[in-house]
Amino acid sequence: MSLALPRPATRRLSLRIPRPGLALAGIVLGLAAAAVLWPSAFAGDPLAADPLRVLEGPSAAHWFGTDQLGRDVLDRVVHGARHSLSIGVAATLIAVGAGLLLGLLAGLTHRFADEALSRTFDALSAFPLVLLALLFIAIAGTGTTSLIVAIGIATTPHYARVVRAQTLVVRRAPYVTHAVAFGASRTRLVLRHVLPNVLGPIPVLAMIGLGEAILIAAGLSFLGLGPQPPSPEWGAMLSEGRGYLHIAWWASVLPGCAVTATVISLTVIGRHLQNRFEGRIQ
Amino acid sequence: MITAIARRVASGAIVLWAAATAAYLALLAAPGDIVDAIIGDGADTPQIRSQIIAEWNLDRPAIVQYLDYLLRAAQGDLGRSYLLQRPVRDVIGEQILPTLKLAVAAAVFGVVLALILAVTTRHRWVRRVSSTAELIIVSTPPFLIGIVLLSVFSFRFGLFPVSGDRGWAGLVLPAITLGLPIAGVLAQVLRDGLDRALDEPFAVTARARGLRERAVLVRHALRHALMPAVTLLGWLSGVLIGGVVIIEQVFGRPGLGQVTLQAVGNGDMPVVLAVVVFAAAAFVLINTAADLAYLLIDPRLRRS
């Protein structure tokens, strides 16, 4: 059986993205960033309950309607951006950091360590992310921190594999041989010559990976394994709203749309950058 | 060919061993001692403690504990849940059927839809609409798809049951929810494969023989396009295994996902570990099937 499975091929396909789509994605990401940085500028208190206005549909006063406690859903979505996106960003940072370290280690060491590490990456990156994260949460307990670490660990192999492949190319490059000939120390070789040249594809990968991390985070907190109510996290809001779906679709569907819009925008812009990046190299 | 099969079986066994070992290490890494981890939120009495020590050989050297654990796992004995007071194998055996039904239905739906999409949306603008729809589906959290389907078809029109596992009608929406993202990814891969195959000389030959475009597509190009898609079967199994946990929660279906979730919530480690090992076994099985599918699709591989 083949363990060296390709990543889900979506991100390698050359889907041509029309310009308006790209602009729209940029606007969505801009709004998301604004909501993360300064939520109170755009929205009121996400915890302010109004018992007289419970589960009201979208209206001029409440664009996204209200939830089961009479809280404004739009206010909660805007404030939730900080929770949801910071979990995704933190998890991706962990994954990129650990992936860089392990990938460099695998690419620079000799056969046995490399073989062992690569096999582990292969097996882990093929295994369902949700299950890996669940295993970690079962050990470490539920909560935001453990959710972040769980997603970080589960997505590490993805980056580690890319870094390893890149390292194998770079370590044979003439400039590395030159540096060795000039008597550069091992640390200097790795930090000055190998690392910067390995970093190339990482930012774009991380951008697309961030979308994936946000999706998993929303999924796990939908399962009740992330931030707990009343925290306005998008996945948790969906899960709360699921109980009132028969009378108030907006309380769960609209936060879900926030997740989707963010992830699509990240994917669209990430793929666009990837295409341009690859085009420039060839 | 026999050596090739033997090699595949061996590497499958290695993955299984790695999964079992990882599960064991996870147990050791859990906070508190191993007995605490196994008990979870269950009743904690001296009697149960001694039972766990006996079952896991905790009074023997570490290496004996580990080897004995592997031996038991190899025999299909996945331990005992002290929270549920039952062997884990019974718990899994009882809940596997609804999950299997869901996974198979979703896989069939996803693959068939992907084939239809890839073959029928060849024209320029249809293709663009379809690709955009696929991008949106792939980026949408599966539970949102489920919730939208629920609110439209179950609550608005009352076509399907709202929750539970009641016959085939209850299977439709969960299977569509789980199958749509699969169709989204597979359709893109198939379409790319078809594009590449249609540029090959054999496509020109087939056209020169006077075959209609549809026939060139279905009879000649599709087989080539299937190859990269089969490689994705491993990924597909991952989506199915990870997906059922969430989908079962959305639709309130019984199954392995619900069992896992409860076990994670209650710290019932034996069940969590068993599910991980079990999922790894399912994963190995699907991947071996994928390798055999290669032989079916590409006759050139059979000869070598």
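Any Cβ shown, glycine's included, is placed from N, Cα and C.
The feature domain 'ABC transmembrane type-1' is assigned by TrEMBL to B:96-294.
According to TrEMBL, the transmembrane segment annotation covers B:12-30 (among others).
The list of residues near the transmembrane segment (B:102-121) in space but at least 6 beyond its ends in sequence, with Cβ under 8 angstroms from a Cβ of it, reads 127, 129-130, 134, 171, 174-187, 190-191, 194, 217-218, 222, 225, 229, 236, 240-241, 243-244, 247-248, 253, 255. Positions annotated as transmembrane segment by TrEMBL: B:102-121 (among others).
According to TrEMBL, the feature transmembrane segment maps to B:133-155 (among others).
Annotation comment: TrEMBL describes B:167-187 (among others) as transmembrane segment.
Sequence-distant neighbours of the transmembrane segment (B:229-251) (same chain, 6+ residues past either end, Cβ-Cβ under 8 Å): 98-99, 102-103, 106-107, 110, 114, 142-143, 146-147, 150, 163-164, 170, 173-174, 177-178, 181-182, 185-186, 189-190, 193, 257-258, 260-261, 279, 282-283, 286-287, 289-290, 293-294, 297. The feature transmembrane segment is assigned by TrEMBL to B:229-251 (among others).
Residues or ranges marked as transmembrane segment in TrEMBL: B:271-297 (among others).
Through the fold, the transmembrane segment (B:12-30) approaches residues 36-38, 66, 69-70, 73, 269, 273, 276-277, 280-281, 283-284, 287-288 of its own chain, all at least 6 residues removed from its boundaries and within a Cβ separation under 8 Å.
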